[in-house]
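What follows is a short report on a single structure.
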Amino acid sequence: MLKRVVATGAGLVLACAVAACGSETADSSALPDPGASVAVTGSQSPSPSASTGLGVGAGADAGPMLQKLGAAIYTTSAPTSKSPAAGATGGDTESATASNPAGWGNPVAVENFDGALSSTWGKYDAPNSDPPRSEDQVTVSGGMMHLTGSVNSKLGKDVGAGVSYNKNLKYGRWEVRWRVDAGAGYGPVILLWPKNNEDWPTYGEIDFMEMGDPTRQQYGTYIHHGSDNNQIGHEWVKGDFTEWHTAAVDWLPDRVTYYMDGKKVWNVTPDMLKTGLPTETVMHLGIQLDQGCDEYMGCRNAQTPDKVVMDIDWVKVYQAP
């Protein structure tokens, strides 16, 4: 069960709300069939080491390549691809199609994490919520943003992480270059969320990557809309998501289209959801690595690393033409 919690930064406040897979109001018949899949190929970019990133006890301004926890020092290896600049026509070759979509023009925002997080980002900070998240679990180093799930020594409990990118748009395209460590007890999510938390679920939610699989070999895509949280999901998207991939979504009045590495994996039209597509309000990007213990994401066990890290190489946002 995935939930949204309080965020800090950019004046944003997100209160808890049940959402996405496992929602008590979900139409279970519309959720993905584990036997179905859309396969995507892995990125050629090298994956960071298993000790990638470190979000425990470090703030978002942590820029050095080396991060320390107790007696251990962990290094972060950046992907070899060059993060795109605003208005650039290039980008890394593995995601050229998704990063340069025809007809969208130049991006209105690009984040490549070359320094501290910009003020547009807000960190979720609610360690006593369900799921628990701490702003300490979000760091930046090596040209990447890291969301870390681990036992936070300061809090004395297992927590996850989440951020919101508070550039709200009504219709557009969002792209995220990402990877995540394997490990039970943590589920990564990339989604669009209404500007005002109280507008959920009536004004919708668009999950363009939501994963419970601890081995990181498949994820689902979902869309929510309406006061009774109508939602549908698509067949599993399969690949090795411990390596780099680019997830993207187009949100338009007449369609919501999901992509992985430039390949269309699902297209939703208004007739497919009994309340139609979300059209009422602006939305913004959320990225989460949620801690949990349930049948969806499993529970932390002996095979789970001390730290499970979701790395974000870059984010691009386009306004609808």
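Each Cβ is built from the backbone N, Cα and C atoms, and glycine gets one as well.
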Listed range which TrEMBL flags as region 'Disordered', given the options 27-56, 147-176, 207-236: 27-56
Per TrEMBL record, range annotated region 'Disordered' [choices 80-109, 260-289]: 80-109
